[in-house]
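Enquirer: This is the structure I want to talk about, given as structure tokens.
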Amino acid sequence: MAMAAKHRVHNDSPLGDAEAGAGAFVRVIELKGTADNGMSEKGALLAAVHRSKNSQHSLPWRLGLLPSVTPRLRGLILLNMVCIACASAFVVLKEAQETTDPFVFSSIRFVIAAAVFSPFLRKALRDERAVRAGIEIGAWAAGGYLTQSIGMLTADASRGAFLSGFTVVVVPLMAGLFGTAKLKRTTWGAVLGALVGISLLEDSGAPASWGDFWSFMSAVLFGAQIYRAEYWSKQLSAKAAIPMLSVSVLMIAAISLASTAAAHPQATLHLLANPGEAALYLADTQLPWAGIIYMGCGVTNGGLIAEIIALQDVSSTEAAIIYTLEPVFGASLAYVMLGERWGTSGWVGAGLIVASCLAAQLMGVEDLDHTAKHDDPPAKN
């Protein structure tokens, strides 16, 4: 969130003189980007990358990606790739859940993702705040993911993509309602515009369903996650970012497994009593392994790494605009790959949602929290 005295990154940062008053956040775990006068000070824990004095050396392996282009262009390319990957998740979920239980799909997906991040857990356990932050952020994210998966059982992928965009309207609302920011008239206009857009969207294409409700609820839960991630972004140091994320992904995996057990208690008890059958089940060729691995390693882990690299060289405002296009990419992929179609009112509603999200990000709220984080760089006049 933009602070009373704007902070700028150090001169030796790859961001140069770009404002870091509000960063972009990890979209892979639904921590979207916000603008300089928007809703998030540093946009979750990825903002720690912006605060690092030696960020050019903090991720040396980034230099091997797209070496023939400028750092800024590389960042823009990577962010667009992440945005398209996240948009494709709606199509992958929709297709996978025609044959696979959503709880089972999510459990396997996040167990794989958590396994990749497991080397960072030992470091996370040395920092109590990183563990607490990871548990809370992971819990909100897990709720968002599970309701999103349930929603995709009956909702159109394209409609779910645009309903998810309501997240960026929820965040400034929470900041205003809980007294951490002052709501502008633009925010209320964005809320009204988004609601009108949703009503038009529901009136077009496939009939409204409970899946639409769950898709909307996932946006609310992801909004709560973003709001709380803002708080933790002020508490954690730069070196705690990745360890915290390892705890978050592990928490998502744990809640996904618990939800699977709650949804299928008899099958869970049977597999616990006969663990050998669990291995046989996982070896079943009917499981959409391509989609599971793509979502776990590609969208979750690959997207996170790409964002860490990209956000060292791209401003938060540019990232916010790119992320606003995610529903557009999602609807386009659903149009091509799933044959989903809308009427005129549906496209008008989709346009209203995108415009409202962009307005909320670029002109959302005024920060009332003037306390600087302990490892923020000094303000420059």
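Just so it is clear, glycine is given a Cβ too, placed from its N, Cα and C backbone atoms.
Bear in mind that the values here come from a model prediction, so they are computed numbers and not experimental data.
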Enquirer: Of the ranges 133-155, 202-224, which one does TrEMBL list as transmembrane segment?
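Expert: Of the candidate stretches, TrEMBL labels 133-155 as transmembrane segment.
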Enquirer: Where among 103-121, 133-155, 161-179, 241-267, 287-308 do we find the most Cβ pairs under 8 Å to the transmembrane segment (73-91)?
Expert: 287-308
Enquirer: Quick test of the contact rule: Cβ under 8 Å, at least six residues beyond the ends. What residues does that give for the transmembrane segment (241-267)?
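Expert: Those are 26, 29, 45-46, 48-49, 101, 103-104, 106-107, 109-111, 113-114, 117-121, 123-124, 127, 130-131, 133-135, 137-139, 141-143, 145-146, 232, 300, 304, in sequence order.
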